[in-house]
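Here is the structure we will look at.
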Amino acid sequence: MKIALLGYGRMGRAIEEIATERGHKIVLKISEDIDTYDLDKSEIDVAIDFSVPKAAFKNITTCFKHNIPVVSGTTGWLNDYEKAVNLCKEQGNCGFIYASNFSIGVNVFFELNEKLASMMKSLDEYSVEIEEIHHTKKLDAPSGTAITLAQQIIAKNPRLKDWQLDHPEKNEIPIYAKRIDDVHGTHTVSYKSSIDDIEIMHTAHSRKGFAKGAVIAAEWLKDKKGVFTMKDALSGILNSSEE
Ligand SMILES: NC(=O)c1ccc[n+]([C@@H]2O[C@H](COP(=O)([O-])OP(=O)(O)OC[C@H]3O[C@@H](n4cnc5c(N)ncnc54)[C@H](O)[C@@H]3O)[C@@H](O)[C@H]2O)c1
Ligand SMILES: O=C(O)C1=N[C@H](C(=O)O)CCC1
């Protein structure tokens, strides 16, 4: 598979390593405005965008214009996500997957989070909160993964209306974001009561899991048209919790 890397920073380099190990070829590496480059569909099977929040929407939609499928892992640009989805659908000839976290372990964690949120929704004595810890170079807070975790809980629990960084109103889930050198990504969801606490936690030991998941998503997306999620891409790999 011929891959264009939109963003060649920490994640771009980790993806290059995994993609090469899996027999793919990196044909383009972009670290600045996408207009500077000539995108040629015949030379690119799929683009993988791990760039910066302010570049993601333009990178993604420029690929749509060239009928190049896109896997996007960039976080912090989600106010424009629906616009990107609509453009992909209108254009009709491109594939798109965005995930706040491509790690297979985190996608298992997302399933656990949904299941736990369903179990806790009637237990009013527990309050819920999310903590995320990342390296100090991270541009956005809270992390995209923490936002996904909060959205999953809100979807299961009608008492909870929104999430808030640090200072929640009533009926909001607090997200606490910490920045510590060299932490690749730790997410904890805690339910607390005066009697006991319940916690689930995911700790990434490196960027390898995010990179491997992104390459698996690209392999899955390559010849598909439409808007998909990581759940779709992993449907043949993860057993559903109902089984
Ligand atoms: N979804 C996931 O699984 C996952 C995992 C890790 C990181 N991320 C996200 O991926 C993004 C990148 O993370 P990183 O640690 O590699 O950051 P990074 O800062 O190391 O890399 C970003 C790169 O993008 C480049 N860039 C700047 N402007 C650009 C443009 N217009 N077009 C293309 N590239 C441009 C920068 O020069 C830099 O090299 C962040 O948003 C981060 O939150 C997501
Ligand atoms: O290193 C980062 O930046 C990460 N970003 C994603 C997020 O915001 O959730 C995934 C974890 C690593």
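The backbone N, Cα and C atoms fix where each Cβ goes, and this holds for glycine too.
Residues or ranges marked as domain 'Dihydrodipicolinate reductase N-terminal' by TrEMBL: 1-102. According to TrEMBL, the feature NAD(+) binding site maps to Asp40, Gly73, Thr74, Thr75, Ala99, Ser100, Asn101, Phe102. Under the heading NADP(+) binding site, TrEMBL lists Lys41. Per TrEMBL, domain 'Dihydrodipicolinate reductase C-terminal' is recorded for 105-234. Annotated active site, proton donor/acceptor per TrEMBL: His134, in sequence order. Annotation source TrEMBL lists (S)-2,3,4,5-tetrahydrodipicolinate binding site at His135, Gly144, Thr145. Among the features that TrEMBL reports, active site, proton donor is placed at Lys138.
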Averaged pLDDT score, the domain 'Dihydrodipicolinate reductase C-terminal' (105-234): 97
Distance from Gly144 ((S)-2,3,4,5-tetrahydrodipicolinate binding site) back to Ala99 (NAD(+) binding site), taken between C-alpha atoms, in Å: 9
Contacting binding-site residues for ligand 1, chosen from Gly73, His135, Thr145 when the Cβ sits under 6 angstroms of any of its atoms: Gly73
Distance check against Thr75 (NAD(+) binding site) for the recorded positions His134, His135, Gly144, Thr145, keeping those with Cα within 10 Å: Gly144, Thr145
Maximal Cα-Cα distance (Å) across residues annotated as binding NAD(+), namely Asp40, Gly73, Thr74, Thr75, Ala99, Ser100, Asn101, Phe102: 28
Under 8 Å by Cβ from the residue listed as 'NADP(+) binding site', counting only residues of that chain that are 6 or more apart: His66, Asn67, Ile68
Spatial neighbour of Thr74 (NAD(+) binding site) that is closest, considering only the recorded positions His134, His135, Lys138, Gly144, Thr145 and their CA atoms: Gly144
Contacting binding-site residues, sequence order - Asp40, Thr74, Thr75 vs ligand 2, Cβ under 6 Å: Thr75
Other same-chain residues whose Cβ falls within 8 Å of the Cβ centroid of His135, Gly144, Thr145, the recorded (S)-2,3,4,5-tetrahydrodipicolinate site, in sequence order: Thr75, Ser100, Asn101, Glu132, His134, Lys138, Asp140, Ser143, Ala146, Gly185
